[in-house]
Structures are given as C-alpha cells and as structure tokens.
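Asks: Have a look at the structure that comes next, please.
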Amino acid sequence: MIIGIGNDHAGTELKLEIIKHLEEKGVEYIDYGIAPGEKIDYPDAAKRVCKELVSGKVDRAILICGTGIGISIAANKVKGIRACACSDSFSAMYTRLHNDANALCLGGRVVGPGLACQLVDLFLETKFEGGRHQRRVDLISKMEEEF
Ligand code: RB5
C-alpha cells in the first residue's frame, strides 16, 4: 500500500512526525505536501493528493491542515474521495470499518504527534467491513452522480 501525504502550512510539523513514523514502520509513501517555510491553501493541498488517489497512483491519503476540517471538506469535493477528519481513535477505526474512508485528515493544531500516529496506524490497519456498509457507501457514490 502506498500512502499519499499532503499538508498546508499549519500541518507541516505534524506531517514530518507522521513521515518519521511511516518510515520507522516501513510504510511506503509519497509526500505531495509543502516543506517548512512554504505556504499553500488547504484546498490546493487536498487537490494535489486527491487527484493521485482517484487515479490509483496512491492507495490512501493522509491530509493535514490546522484543524483537519478544511482539508477534509475540500477533499470530499473530489469524486471518489471519502475523507474524514479524526481526532479520536474510535472515529479513525470506524471510518474505515463502516465508511471505507480513503483519506484521513488530521489537525496539526488539534492532535499531538503521539495520538496522530496512533490514528494513522488505525486508519491504515483497519479493514472495511463491507456487507450492509457497502450499500451505504454505494449510496454516497450515487449522490456524486446526482449532484
Ligand atoms: C490555516 O491557517 C488554517 O486555516 C487551515 O490550516 C485549516 O485549519 C483550515 O481548516
């Protein structure tokens, strides 16, 4: 599995911590984000990664802004993206189990590096349950066609 990572300027520090964590675990990733000292608006940061996710170049995304919220709203505008802003482990696990989320959004001003890495692990390691949840995810895809 290849992870695409993106961040705006409020997420740079946390991104570097997450990259360190992924490297320690041997998880393959591509960094589409900005470096320390650079600036980008969170919708553009989301777009850079989401287009690679829907094209299949990467398998999951981790997106970081100040709150995790702006970048999740932007990411969810891209057809095929199911992004969830999480700051607790239950949500990070259940957004995989029930929503088949493909993008985890984190707030660099909300969660510390320890919790963020735990959320990343849950997001990457938890499998979608399918079954009745597949039907609901299909309804989301249908909405993308309707509106
Ligand atoms: C940038 O200052 C900040 O507004 C952004 O990172 C994010 O928190 C928006 O939701």
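Numbers run from 1 along the shown chain.
Cβ atoms are placed via backbone N, Cα and C, with glycine included.
A quick note: this is a predicted structure, and the numbers were derived from the prediction, not measured.
Pulled the feature table from TrEMBL, pasting it below:
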type	residues	note
ACT_SITE	Cys65	active site, proton acceptor
ACT_SITE	His98	active site, proton donor
BINDING	Asp8, His9, Gly66, Thr67, Gly68, Ile69, Gly70, Asn99, Arg109, Arg132, Arg136	D-ribulose 5-phosphate binding site
Asks: I'd like to know which of the recorded positions listed (Gly68, His98, Arg109, Arg136) lie near ligand 1, counting only a CB under 6 Å away.
Replies: none
Asks: Let me know how many other Cβ atoms fall within 10 Å of the Cβ of Gly66 (D-ribulose 5-phosphate binding site).
Replies: 17
Asks: In whole Å, how far is His98 (active site, proton donor) from Gly66 (D-ribulose 5-phosphate binding site) when you measure between their Cα atoms?
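Replies: Gly66 (D-ribulose 5-phosphate binding site) and His98 (active site, proton donor) have their Cα atoms 26 Å apart.
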Asks: Do me a favour and check the Cα-Cα span between Gly70 (D-ribulose 5-phosphate binding site) and the residue listed as 'active site, proton donor'; whole Å is fine.
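Replies: One finds 22 Å between the Cα atoms of these residues.
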Asks: Do any residues at least six apart in sequence from Arg136 (D-ribulose 5-phosphate binding site), in the same chain, have a Cβ closer than 8 Å to its Cβ, and if so which, in order?
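Replies: Those within reach of Arg136 (D-ribulose 5-phosphate binding site), by Cβ under 8 Å and sequence separation of 6 or more, are His98, Asn99.
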Asks: Under DSSP, is Gly70 (D-ribulose 5-phosphate binding site) helix, strand or coil?
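Replies: Once the DSSP labels are grouped into three classes, Gly70 (D-ribulose 5-phosphate binding site) ends up as helix.
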Asks: Pick from Gly68, Gly70: which of these binding-site residues has the biggest number of other Cβ atoms within 10 Å of its Cβ?
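Replies: Highest number of other Cβ atoms within 10 Å: Gly68.
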Asks: Of Asp8, His98, Arg109, the recorded positions given in the record, which has the fewest other CB atoms within 10 A of its CB?
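Replies: Checked Asp8, His98, Arg109; of these recorded positions, fewest Cβ neighbours within 10 Å: Arg109.
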Asks: Given the residue listed as 'active site, proton acceptor' and Asp8 (D-ribulose 5-phosphate binding site), what distance in Å do their CA atoms have, once rounded to a whole number?
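Replies: Cα-Cα distance, the residue listed as 'active site, proton acceptor' to Asp8 (D-ribulose 5-phosphate binding site): 5 Å.
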